[in-house]
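Presented below is the structure to which this report refers.
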Amino acid sequence: MPAVSSDRMGEEAPPATSLYVDGCPGCAIERRKAANKGIPYKELFFVAVTTVASALPISSLFPFLYYMIEDLHVAKKEQDIGLYAGFLGASYFVGRFLASLFWGVVADRIGRKPIIIFSVFSVVIFNTLFGLSMKYWMAITMRLLLGALNGMLAPIKAYSIEICRPEHHALGLSIVSTAWGLGLVVGPSIGGYLARPAQQYPNMFSEKSIFGRFPYLLPCLCISLFAAVVLVSCIWLPETLHKHKNIDNEIEMSSDSRNPQTEEEHGDKSLYKNWPLMSSIIAYCVFTLHDTAYSEILSLWTISDRKYGGLSFSSKEVGQLLAVAGAGLIVYQIFIYRPVHKFLGCVNSCRASSALTIPILAAYPFMTHLYGYRLGLALYSAAIVKGALGITVLTGTSLLQNHAVPQSQRGAANGIAATAMSFFKAIGPAGAGALFSWAQKRQHAAFFPGVYVNLCGDQMVFFILNIVQCIGLVLTFKPFLAVPDHYDQK
């Protein structure tokens, strides 16, 4: 029997005593949270940098993917390049789909910190090997292994909840969402600027150098070096998982940590029978599908020619748009999100953000009639606001998931969510690309003849995006969405 120490709670708290087990890292975190009611800035900083390191390689290949398939000489015809590029781009999400639940369960058994460290280590190794790939089978294998062994997403969400007091849970998860989004924005910039350096910067890199022989190594190596620095910093990450069993009321956590009601209701209950958890995961997946498809369509739509309903942007202009949207996410997360969450609550902020997204998406096709600064003002404003609304929805549904289970099941619950999300992220880009191609071929066709307003081409693309968004909005209401009784949904 481990030694147990007790701390008296304040007079305003319930009369129950908060007990902690000596030598338990989870109890040490609870003790620290009870003593310090402020925001754990150091731990949240580690959460942010590890999340960025994990997210950077996911989309860094997309700017050079076409050229990589071309250089690998796997496509017999130029028209087949897109097919092979699609398989390579989706391989990461296939790997994550297969392994996310496993990593979540392991994180509940051995702790969050070992999985986080191993995930960052896998980025260092397999992202570098991907940059060294000279055969298509090697490239797709490295991406598949990177997705399967990078089990960061489930434990880092649980970790961001467990290092914070309840009033800061929204901040913790919003940092994960924002850092993940930032990595998905910065990654393509690194890939676009640093790939094929011998062609882009012939005065600095020769064709005979290592970066001339391996034209896609430089961006992968830069990301891996950043991940290596983050890997060293993980030494100072505190563990949050409790290393003891809660038997005979040995540990009674205070109201600042795990909720006893959650432990009683769901401690021995199958996660798949936990409807508050499963309903929030389903809604989360629908919004993830929408967000992934939107990101794919936004890039395709802005680059496509105006005669096809696009904006005729260059790849550099698209990169600038995504960078500004990413910067807007950071500003929103630091200054705006917490007051919004505190005022509206988790569920209502999801509903409001989902509803406000609909008119923004409907406005995109009409921007083709704008030019110059008017186009820039409208497009950049819409992208920034849409990104902020999307983060609010995804963070809110993640909060619902984490509050629907006790700590002992939190890693597995986030693993289920990551598995389902990875499936939708794998089909999202492919489906969005096929939809966009199909709509462009029917730019002047009326999809609903006889209706007062006929939709055609790019209007139809954003209309279908809005249908998905409406489905997600409906799923945030009862009777579908079940919110835990102990959770304050406002």
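Every residue number used here counts from 1 along the chain in the order it is shown.
Placed from the backbone N, Cα and C atoms, the Cβ positions cover glycine too.
Annotated in TrEMBL:
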DOMAIN    43-484  domain 'Major facilitator superfamily (MFS) profile'
TRANSMEM  44-69  transmembrane segment
TRANSMEM  81-103  transmembrane segment
TRANSMEM  115-134  transmembrane segment
TRANSMEM  140-159  transmembrane segment
TRANSMEM  171-194  transmembrane segment
TRANSMEM  214-237  transmembrane segment
TRANSMEM  281-301  transmembrane segment
TRANSMEM  321-340  transmembrane segment
TRANSMEM  377-400  transmembrane segment
TRANSMEM  412-439  transmembrane segment
TRANSMEM  459-481  transmembrane segment
Whether the transmembrane segment (281-301) meets the transmembrane segment (377-400): three or more C-beta pairs under 8 angstroms: yes
Segment-level pLDDT (mean, integer) for the domain 'Major facilitator superfamily (MFS) profile' (43-484): 83
Closest-packing stretch to the transmembrane segment (171-194), where packing means Cβ pairs under 8 Å, from 115-134, 140-159, 377-400, 459-481: 377-400
Criterion met for the transmembrane segment (44-69) and the transmembrane segment (377-400) (at least three Cβ pairs under 8 Å): no
Distant-in-sequence neighbours of the transmembrane segment (214-237), which means Cβ under 8 A and at least six residues beyond its ends: 43, 46, 49-50, 52-54, 56-57, 60-61, 64, 67-68, 71, 113, 116-117, 120-121, 123-125, 127-128, 130-134, 187, 190-191, 193-199
Segment proximity, the transmembrane segment (377-400) to the transmembrane segment (321-340), 3 or more C-beta pairs under 8 Å: yes
Residues from the same chain, set at least six apart from the ends of the transmembrane segment (459-481), whose C-beta lies under 8 A from its own: 279-280, 282-283, 286-287, 289-290, 293-294, 297, 301, 309, 347, 350-351, 354-355, 357-358, 361-362, 364-365, 393, 400, 435-436, 439, 442, 447
Contact ranking winner - 81-103, 115-134, 377-400, 412-439 against the transmembrane segment (140-159), Cβ under 8 Å: 81-103
